[in-house]
Amino acid sequence: MWHFSTLKTCILQSIHMTRLRATRATAHEIRMLDYSFCCRCTGMFLVALSFAYFAKALSGSYLKSTITQLERRFDIPSYLIGVIDGSFEIGNLLVIAFVSYFGAKLHRPKIIAMGCVLMSIGTFIIALPHFIIGRYEFETSVRWLGNATRNPAPCAVDTNPSDWCCEGESNLSMWIYVLLGNVLRGIGETPIQPLGISYIDDFATEENAALYVGCVHTISVVGPVFGYLLGSLCARIYVDIGFVKMESITITPADARWVGAWWLGYLIAGVITLLSAFPFWFLPRALPVSEGQSPEKCPPEQTSFIKNSPLLKQKYKADEHSNFIEMAKDFIPTLRTLLGHRVYLIYLCVTIIQLNSLIGMVTYKPKYIEQHFRQSASKANFLMGVINIPAVALGMFSGGLLMKRLKLNLMGAARFAFGTSLIGYVLSLFFFALSCDNANVAGVTVPVDGASFGKHSVFESCNQACSCSESEWDPVCGNNGITYMSACLAGCTSATGSGKNTIFSNCSCVGVAGNFTARAGQCNDKDDCDRMFPYFLALSVVTSFIISLGGTPGYMLLIRCIKPQLKALALGFHALATRTLAGIPAPIYFGAIIDTTCLKWGQKRCGGIGACRIYNTTAYRIAYLGLTMSLRTVSFIICIPGFFLLAQQLKQEETNAFHSTVTNGGAELEALQKEEFVISNSNQTQRICDNGTDRETRL
C-alpha cells in the first residue's frame, strides 16, 4: 500500500509544482515543495528498483528450482538444461553494452520499465509448452488395467512397444520455447542493474551509496527465497493436476520420474514482474542530489527537480542534448579508456572466474541435494529458500552496513572482500568430507542375485525366464532392501493392488527365504545420508553468510575504482563480460561434467537418451565440488597482482590530489589578495563618498 500511495503522492506533487511555477509562486513555497518532491521520489525509486530486483530474482531462482522438473518433462540431459539456463545471459549479451551506454544518456526509469515488461512476456512464454503438448506419461514397464483387481504378470510385459508410444514424440522439442522465453527475459533484465545502480549512485551521497546499494541487493536476494519456496510448492503438485485422477498416479514426489507443476510458478512470476514495471513510468529523468540538508538550508538549485536547470549538481550529468550519432562516435574511445584501466581489468578477471564457480554451484545445488542426499525436489527447494538464501541476504546487508560503519576506503573494501572469500573457501573444503553412499540398485551399483562385482549386469539367472527390457525404469523395492529397475528384472511373476500400493510377489531375484515380494517405488536406504545432511545444511549456511559479507564491498570497489563518467559503461561492460564468460558457459560445462557421473539414463519412447535416473554419488560429489573449488583457487591467485595495482593507483591519486591542492591553493591565495585589494579600494571610495555626502548635508 505504501508503494502505490507514495507513487500517487509523487505524481500529484509533480502536477501541483508545475501549477505553482506557472502562477509564479514564492521561492520559499517552491523550495519547500521541491524538497518534499525530492524525498518522496528518491524513496519511490529505491522501492521501485528493489521490487524490480525482487521480481527478476524470483523468476530466475524459480527457473533454477525447476531444473530437474524440466529435465524429466522434456527428457533432456543436464547440459541442455545448462544451455537453457545460459540463454538468459545470451539475451543480456545481445543488448547490454548499448543499453548501458546509451541508456545512461536517456530516460533511465522508463527504459527500466520497458525491460520489466519484456521480462514478463518472456516468463509467460516459458510456461507456454505446458498448454501445447499433451499429458505427461512417465516411464513404466507395466500397463495397468483400469477395472482389474489383479494386474498382468510383470514378466509377460511386451518389450516391443507399439507405434502409439511414439505419437507426440516431436512435441518434446517444445523445450525450445523455454529457451526462447529465457532469452527474452535476459533482454528485459538488461537495463535494471547498470541503469538502476548508476541512477542511485548519481543522486546519493558517497556515504549513503554503499548502504543503498546494499539494501537493493539485499531485497534482490530475498527474491530467491520466494522463488525457491514457490518451486517447492509447485514441485509437490503433479504436473497435470486437475486433468488426471491422482489415484491413478503410481509415483511419488521422491520418484526419479516425478514432474511437478513447473508451469504454474512461471505464470505467477510473470504477473509479479509485470507489476514491477508500473512505478518507473512516473519517475523523473533526474533526481536532486541527496545532501542530507534541510529545505531551509538547501539552496533552490540543489533541491530543484527541473532537469534543464544549469545549477543542478549531479555526480554525472546526462548528456541531454547529444544526438545518437555523437554518442555513437564517442563509444569506442570511451570503451578503450575503460579497458585500459588495469585495476578494472584485474577485478573483471577475478569476478568472471568466481562467478563461474558461483553460478555453476548455485544452478545445480538443488539437484546436488536431491541426488547426493536423496531428498525430494520439493524439500531441496524449500531448504534453499528458507535456510541458504536468507543467510546470503543477511550477509550482503551486513557487508554494506559494515562498510558504512567502518568507513572503508578502496583498499579496505578490497581486503575485506578478499578476506571473507578466503575464509569461506577454507570452510568449503569440509564439504568433501560430507559423503553419502550410492543407492543399492541391482545391476547398477550392486550385483544381481549374488553375482560377482565388476561390470554389473541387470540380467542374471533369476530373471532369465522373463522377457525384460534393460532400458526401462520402473523401480521396485525388494524385501532385501535392494532396488530393482523394474518388477520384471526382479523376477516377479504376479502383482496385486493398484497405484502406489502395488505389491509384487514370487520375485525370484529378491531371494529372501519365504518372502519373495517387492513393493512399487525405490527403497529408502538413506540412513547415512540423513545423518550427514544436517551437517551439510549448517556448513552451507555459515559459508554462504561469510562469502556474501564481501559482496557489497566488492561491488562498491567496482564503482569507485573508475571515473564517474565511465561508471554506467563500466557496470554494463562488467555485466556483459560476466554473462558472456560466466553466465553462459558455466551451467553448460557444469551440467556436462555432471552428466558423466550418470549410472542409468532414461530412454525416450522412440529411442534416444532422456533424463538421468540415478547418479554415482561419489563421482558426482568430486566433480561438482572439485570444479567449484578449483575455479575459486585460480581467482585467488589473480587477486595478488590486483592488490599491487590498486595500491599504485591510490598512491598516484593521492600524489595528484596533493599537487592539485598546492596549485589551487596558490591560485586561491592570489584571488583572495585581489579580492582584498578590490574590497579595500571599494571601502576607501565609499568613505570618500560618505564624507562628501556629510559635507553636503552639513552645508
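Residue numbering: from 1, along the chain as shown.
Backbone N, Cα and C define each Cβ position, glycine as well.
If you check TrEMBL, you get these features:
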type	residues	note
DOMAIN	45-651	domain 'Major facilitator superfamily (MFS) profile'
DOMAIN	456-511	domain 'Kazal-like'
TRANSMEM	37-56	transmembrane segment
TRANSMEM	76-99	transmembrane segment
TRANSMEM	111-133	transmembrane segment
TRANSMEM	263-283	transmembrane segment
TRANSMEM	344-362	transmembrane segment
TRANSMEM	382-402	transmembrane segment
TRANSMEM	414-434	transmembrane segment
TRANSMEM	535-558	transmembrane segment
TRANSMEM	622-646	transmembrane segment
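Counting Cβ pairs under 8 Å to the transmembrane segment (414-434), the stretch among 111-133, 263-283, 382-402, 535-558, 622-646 with the most such contacts is 535-558. The average pLDDT computed for the domain 'Major facilitator superfamily (MFS) profile' (45-651) is 78. Across the candidate stretches 111-133, 263-283, 344-362, 622-646, the maximum count of CB pairs under 8 A to the transmembrane segment (535-558) is reached by 344-362. Sequence-distant neighbours of the transmembrane segment (344-362) (same chain, 6+ residues past either end, Cβ-Cβ under 8 Å): 64, 338, 421, 554, 557-558, 561-562, 570, 574, 577-578, 581-583, 585-587, 589-590, 624, 627-629, 631-632, 634-635, 638-639, 641-642, 645.
Break the domain 'Kazal-like' (456-511) down by DSSP state and the numbers are 6 helix, 11 strand, 39 coil.
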